[in-house]
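In Swiss-Prot this protein carries:
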TOPO_DOM  1-63  topological domain 'Cytoplasmic'
TRANSMEM  64-84  transmembrane segment
TOPO_DOM  85-97  topological domain 'Periplasmic'
TRANSMEM  98-118  transmembrane segment
TOPO_DOM  119-125  topological domain 'Cytoplasmic'
TRANSMEM  126-146  transmembrane segment
TOPO_DOM  147-160  topological domain 'Periplasmic'
TRANSMEM  161-181  transmembrane segment
TOPO_DOM  182-227  topological domain 'Cytoplasmic'
TRANSMEM  228-248  transmembrane segment
TRANSMEM  249-269  transmembrane segment
TRANSMEM  272-292  transmembrane segment
TOPO_DOM  293-348  topological domain 'Periplasmic'
TRANSMEM  349-369  transmembrane segment
TOPO_DOM  370-386  topological domain 'Cytoplasmic'
TRANSMEM  387-409  transmembrane segment
TOPO_DOM  410-424  topological domain 'Periplasmic'
TRANSMEM  425-445  transmembrane segment
TOPO_DOM  446-462  topological domain 'Cytoplasmic'
């Protein structure tokens, strides 16, 4: 068994045996549940994601393009509707926020067009290290020369505009992990051979490595075996630390979920996935409890009506806006909440304004649109995987996770299902950096689909 003996002669590892035995039994139950979930998931996977890609003869995914165009246009319309009162009150120009957002949309469309025509996916793959390094440097720069707004330093001032590096980092992480897993996928899959006992043994070694030489040696051996995965993930973790310093807990959660999700798609075994998810959740709980304002948000989320004029003000007014919408809404422009009652109506809480003006029906249509985008992204990713375009597959799936988790969190906050956090609704909320890089990600989906279709027709795309 190879016990580790502490300096005082006590055999430490024996203390972990009862715990490990219980953990093994619990793990067996989890694995049985996971087998059922995999079978169900395979059925849903086949039903939703399998689709012919050349049956219509088109060279690109026209439905995806039109969905992005329509959602972006609707987002501009709702930004104007939600911000007209605020803009008129602040400076008298009721088109102020609409004009700024439209400028970023136009810039995003132009940049997307140029990149679509000029950069094949193999070019993107060569640029990944530079993009990731640039995003990391900008995360450092924002802490040095950033502009503080509402107590957070998240923006770099560029004249009259503000640039948010975190939005670039979200896309950079997807590209970086896609490149990493394409090259090192076998390392993750090799972890399947390690049992639960190895996990607990590795955990014990890590805990005791500071004081026990043998535990330190075994920890270093484990690190050397999986260094090709551990070191890059540590770089992503360092970026997450910089984001928490800003602080931006919402983006931290989104990027963490993207990373965990892509690890799972890359073949991380179920047992490690459960351990990783548990560790992440535990870490998030610690970060929430460490910041009084986050604790206050959680308390307000649990019972917003206890303090409707204080900590629960934003959430209660969001819920009232949604309630006023009823089935079919009050009509475009007829929202009452945007008239100074609901803070951030054109940014984080634009979904509540949409619900107020278009009702439950409008909410369902918008949620369907986001669900359609997520399924489309995973469908394109599956096609790339089937065609042997692994790098493309990871990018498409990562973008699907990004859209899905960020829209889920934003909508969840608006309807009172999640604590308040500062996240935009993709393609809808006011935010230049957000919409710019979301349009770039949509361009990547279209480019990946285009290369899928070319390969299906016999062209070489690598």
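Backbone N, Cα and C atoms are what each Cβ position is placed from, and that goes for glycine too.
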Long-range Cβ neighbours of the topological domain 'Periplasmic' (410-424) (under 8 Å; 6 or more residues past either end): 152, 248-251, 253-254, 294, 297-298, 300-301, 304, 314-315, 318-319, 322, 347-349, 351-352, 355, 367, 430-431, 434
For the topological domain 'Cytoplasmic' (119-125), residues assigned helix / strand / coil by DSSP: 5 helix, 0 strand, 2 coil
For the transmembrane segment (64-84): best-contacting stretch of 126-146, 249-269, 349-369, 387-409, by Cβ pairs under 8 Å: 349-369
Dominant neighbour of the transmembrane segment (387-409) in 126-146, 161-181, 228-248, 249-269, 425-445, by Cβ pairs under 8 Å: 249-269
Residues from the same chain, set at least six apart from the ends of the topological domain 'Periplasmic' (147-160), whose C-beta lies under 8 A from its own: 138, 141, 166, 246-248, 422
Number of helical, extended and coil residues in the topological domain 'Periplasmic' (410-424), per DSSP: 5 helix, 0 strand, 10 coil
Considering the transmembrane segment (126-146), which listed stretch of 98-118, 228-248, 249-269, 425-445 counts the most C-beta pairs under 8 Å: 228-248
Chain residues outside the transmembrane segment (249-269) and at least six past its termini with a C-beta under 8 angstroms from it: 166, 169-170, 173-174, 177-178, 181, 185, 188-189, 191-192, 233, 236, 239-240, 243, 276-277, 280, 284, 287-288, 291, 294, 394, 397-398, 401-402, 405-406, 409, 421-423
Distant-in-sequence neighbours of the topological domain 'Cytoplasmic' (446-462), which means Cβ under 8 A and at least six residues beyond its ends: 53-54, 58-61, 64-65, 115-116, 119-122, 380-381, 383-384, 387, 389, 392, 395-396
Same-chain residues at least 6 beyond the ends of the topological domain 'Periplasmic' (85-97) whose Cβ lies under 8 Å from its Cβ atoms: 79, 338-340, 345-346, 430
Long-range environment of the transmembrane segment (98-118) - Cβ separation under 8 angstroms, sequence gap at least 6: 72, 75-76, 79-80, 83, 87, 161, 430-433, 435-440, 442-443, 446-447
DSSP-derived helix, strand and coil totals, residue by residue, for the topological domain 'Periplasmic' (293-348): 26 helix, 0 strand, 30 coil
Segment-level pLDDT (mean, integer) for the topological domain 'Cytoplasmic' (446-462): 85
Secondary structure tally of the topological domain 'Cytoplasmic' (446-462) (DSSP, helix then strand then coil): 11 helix, 0 strand, 6 coil
